[in-house]
């Protein structure tokens, strides 16, 4: 397993190099000259040239890339063109919030999906199964910003149970953190929950028909052991695939949900940067988002290795 | 359906499994259909009972029903008596049946390639039976599982314990299945076509292993197969099933020398033999009836070369006794002289 981990870790190196290329390449792809944007519409040619020199944009692209990469490796992602704050600081503020949101969303979606899928698969064709199927279709179909607003209407404005917007760091006040994160996380997680439920229900039904499940029952194992151990370990493989895809979707979805609930996460940072064409910030956010995705995919592959002994190298 | 049989002579040894009038219905597209119809038999300690028949004859369903392994919502199982030693299986809850499977009844299945869970080590799959039924610690279960692997002839059991099923050959996996079945020293082992998927040489080794283990532990074995060669090799007594019913039951030698039912005669004639020229292999014409569309009268009559008018109507014939241990479900048995194998 350790060898598998090391091998898998090594293969992420080329991916990371490629990612820095792409993130940095944004400068070349985005139309317009950042120097012109910053200097303002009324600037003279000399002023633009001065800005360009100050930002180092007049140097060869390869040199700029090298500076950026070596800087990124030491944690320096440059400074914002507008606020002059270090990019790393902005990301450092937003990332933990988004991670907490996405993590909680994932947890909530699993807490919904796993029991629902198991019950649904075991009681296939009953009303419970039908309710779950309709529910998951709805969960996939309903857009998250709408769902978020509905949740706010019901739980915040209507019942007054939870705050409608804002965020409190977990280290400041865990209870307030939980109160603030539940609605956004639920909003973000519900589509994933619906998708995972469907996928898991299908794979559980498939696994239940396998000969080895009959063997497990023939051994006299208790039903919870047959389901919890023998069925779930095999049925989880497609779920893990879906989760791997969902993690990326969660990061994208977080941008929207953070807007709806006024959560100061990476999404807010990204939106501000994009609307002001704040390139260093955009580059930094893209780099970090891709890094998170790469790490999550690494975890997914490790989970495969755990679930399916055949994929481990010998 | 009840059988009106003269009382059978008292069995010389303890009865481990007693089945009386077992009826199994399964849910099909066209509603409930009876796939096992009034099956009764007993198995004595140390005895090997063969159940033969074509696929779809109900032999596997019979055994899965006894073990409580048929899917509950698509199956109805009824029986006058279903007893393993002193345990009345008809009165047990599903949870209580969990306690029977393993220490009382164990099963070996046909497909060694798919009957082991690919996600767990072989050792874990043996050890969990011991932990479940005998409450052994992880360590103690491991020791016993390694000993079992050794006993069923898996080389280097210490190393093999930690390996996964995909690292085992078909024959080795079937040895593991046997180790699992054997783990809690069951009173009855039901082996459902345990050698069908294996090479002939491996098949012989597995049969020999089963025979040895049976002698060692004094288990009763129910051997389900369609292979008469295997039956002749391992069984003391045989039940022949056709279309959900037992059509003949006899000790092995008697069954082969003097079959009492035209279906059994047909099966014997269809067996390839060394002393016959190739290409003269006989077969029984036609196909077994479909579930839910049983012919009236004797269920075998559409395919029977001896069938006459009275075979075709007024319900299925009763099982009648030909001798102290020989029964048949044929109306014409007194007048027929059926051909066996020398």
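Quick reminder: no glycine exception, Cβ is built from N, Cα and C everywhere.
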Have a look at A:75-98, A:99-122 and point to the one annotated transmembrane segment in TrEMBL. A:99-122
Pick from A:48-68, A:174-194: which stretch is listed in TrEMBL under transmembrane segment? A:174-194
Any contact between the transmembrane segment (A:239-261) and the transmembrane segment (A:99-122), i.e. 3 or more CB pairs below 8 Å with pairs at least 6 residues apart? yes
Long-range neighbours of the transmembrane segment (A:281-307), counting only residues six or more past its ends (CB under 8 A): 1, 4-5, 8-9, 12, 15-16, 19-20, 22-24, 26-27, 68, 72, 77-78, 80-81, 87-88, 90-91, 95, 99, 233-234, 236-237, 240-241, 243-244, 247-248, 251, 266, 269-270, 272-274
Non-local residues, at least 6 beyond the ends, that sit with Cβ under 8 Å of the transmembrane segment (A:9-30): 61, 64-65, 68-69, 72, 277, 279, 282-283, 286-287, 290-291, 294, 298
